[in-house]
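J.: A single structure is presented below for examination.
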Amino acid sequence: MTPDSIINKGKREPGVGPTTREGGQPVPSENVSITAGPQGPNVLNDLHLIEKLAHFNRERVPERNPHAKGHGAFGELHITEDVSAYTKAAVFQKGAVTPMVARFSTVAGEQGSPDTWRDVHGFALRFYTTEGNFDIVGNNTPTFFLRDGMKFPDFIHSQKRLGRNGLRDADMQWDFWTRTPESAHQVTYLMGDRGTPKTSRHQDGFGSHTFQWVNEAGEAFWVKYHFKTRQGWETFTDAEAQEMAGKNADYQREDLYNAIESGDYPIWDVKVQIMPFDEAEGYRFNPFDLTKVWYQEDYPLIPVGYFVLNRNPENFFAQIEQLALDPGNIVPGTGLSPDRMLMARAFAYADAQRARIGANYRHLPVNQSVNPVNTYEHEGHMQYHFNGAADPTYSPNRYSKGAGYLDDGRTSGSGRDLGAAGDLYVNPDPHGTDLTRAAYVQHPEDGDFVQAGKLYREVFDDAQRERFITNVVGAMQGVSTETEERVYAYWSQVDETLGARLREAYKASHS
Ligand code: HEM
């Protein structure tokens, strides 16, 4: 299986000669409609005119909410190292080559919005593995603004447009961020250079969450994915990004397409951080909190392989717009974790895709797995695949169609204990499993501003700090006096000098 066999699925033979209607019937004219007399009214039984207009009216599907603006390409994942001690997943075994697709996006903007608006950028990957589709739907930052899925719709609302006037609004953004202190680490990334990557090729990607790996012996590990660009990080300054937004809204889409067309294939090294299962409880930060990283001095990067993007889509709509990436697409040897954001996402994507594309979105070529599907799910809008006449439509049954790998397939066996749900993740929780509404368990060094402060002081250099101040001041323009004060208080907690520096720079920007 190669990327070509995926991108060519569903492609028609080149159209030669006279056209047909979608039903194959010959079309008399693509140019002239039927009227009652040369100057008379159009007729309702001009079948091709009606079909052409009606289909045109249905060309769009709802855009993604969020991550509407994006672009993508196909390629291959190559595993060069032996990580079988940590995972049994076929896709990660040394020597495996797996076809894949990647989609890069911004978060807040709509379909036609500029690629270079300051934003976190989506970095989403699908691997067509022999054990089913495996998706890592991450960003170009290792963290996120929130740690509980309950807040996600509020966060996205604050980044998009006001209901009143359809405008984006700095006051709303800063009001939300400064009342959501766990956002500080991600907002530091966003206001730094990484908020304006130059191209999709010149940025790293991250799975961001903590996931689980399980090896052949059944031992579980916690894992974070890192995708390191071999092209090197390149970023625009705020001014360059804004200028490009006006000049060419599709700058990053065009860059990736042209690079691949000219044979300049971008490559990312795939690395992981591995945390032994039992170390999670004692780590200085809660390792399931998506607003935190695991420091590389604690858990160094381990090489796994690389991926290359070497094929452009054959058709943007069919293969990128209808692409349905989903963190719930996990395969044996990989799993979720107690990260509440990740668990919310495990529900949200397939639900969005049923609404955005349709109940049978997985029947579309780009969403099909390369291994055979054996299911009792059937019917609904736009069903394409169907089971043979001899297949029963229910389980359990007296036929050979089968059931889940833990079922006996002959009876529904109520009363049987099928054990821990290790296909999702293994986690005997030392804090108990009674239903509760409690915040994340705090580890000794947890604090919302700790890692943001380290990023600002120790990772950024002087020039990056200067640009960061300029970017925050730029993004503050238009905030109310009340929110302005909240912004200084927020950044003073990240670094004690920062609030005062920003106050000075904001005042200067108004003088
Ligand atoms: C509870 C938290 C979250 C919810 C409920 C959520 C929900 C969604 C939804 C509904 C979509 C549109 C999917 C579609 O229509 O195909 C989407 C897209 C996306 N989300 Fe999230 N999201 C969450 C958090 C995150 C996080 C933490 C990341 C990154 C680490 C992320 C990265 C992305 C990306 C990259 C896309 C675009 C995927 C593509 O290219 O098709 N999201 N999200």
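In case you wondered, yes, glycine gets a Cβ from its N, Cα and C as well.
Sharing the feature lines straight out of TrEMBL:
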- His67: active site (ACT_SITE)
- Asn139: active site (ACT_SITE)
- Tyr349: heme binding site (BINDING)
- 20-403: domain 'Catalase core' (DOMAIN)
- 1-40: region 'Disordered' (REGION)
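A description of the local structural setting of each listed feature is requested, covering burial, neighbours and distances.
T.: In the three-state DSSP scheme, His67 (active site) is classed as coil.
Remark: Asn139 (active site) has Val120, His121, Gly122, Phe123, Gly205, Phe206, Ser208 as non-local neighbours, by Cβ distance under 8 Å and separation of at least 6 in sequence.
Sequence-distant neighbours of Tyr349 (heme binding site): residues of the same chain at least 6 apart with a C-beta under 8 Å from its C-beta are Val137, Ala324, Leu325, Asp326, Pro327, Gly328.
Packing against the region 'Disordered' (1-40) from elsewhere in the chain are residues 46-49, 51, 55, 74-76, 99-101, 128, 310-311, 313-315, 318-319, 364-366, 368, 370: each is 6 or more residues past its ends and has a CB under 8 Å from a CB in it.
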J.: Including all protein chains displayed, how many Cβ atoms other than that of His67 (active site) lie within 10 Å of its Cβ?
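T.: Other Cβ atoms within 10 Å of His67 (active site): 23.
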J.: How many of the residues that make up the region 'Disordered' (1-40) does DSSP mark as helix, as strand and as coil?
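T.: Helix (H, G, I), strand (E, B), coil: 5 helix, 3 strand, 32 coil.
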J.: Using DSSP and collapsing to three states, where does Tyr349 (heme binding site) fall: helix, strand or coil?
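T.: For Tyr349 (heme binding site) - judged by DSSP and reduced to three states - the answer is helix.
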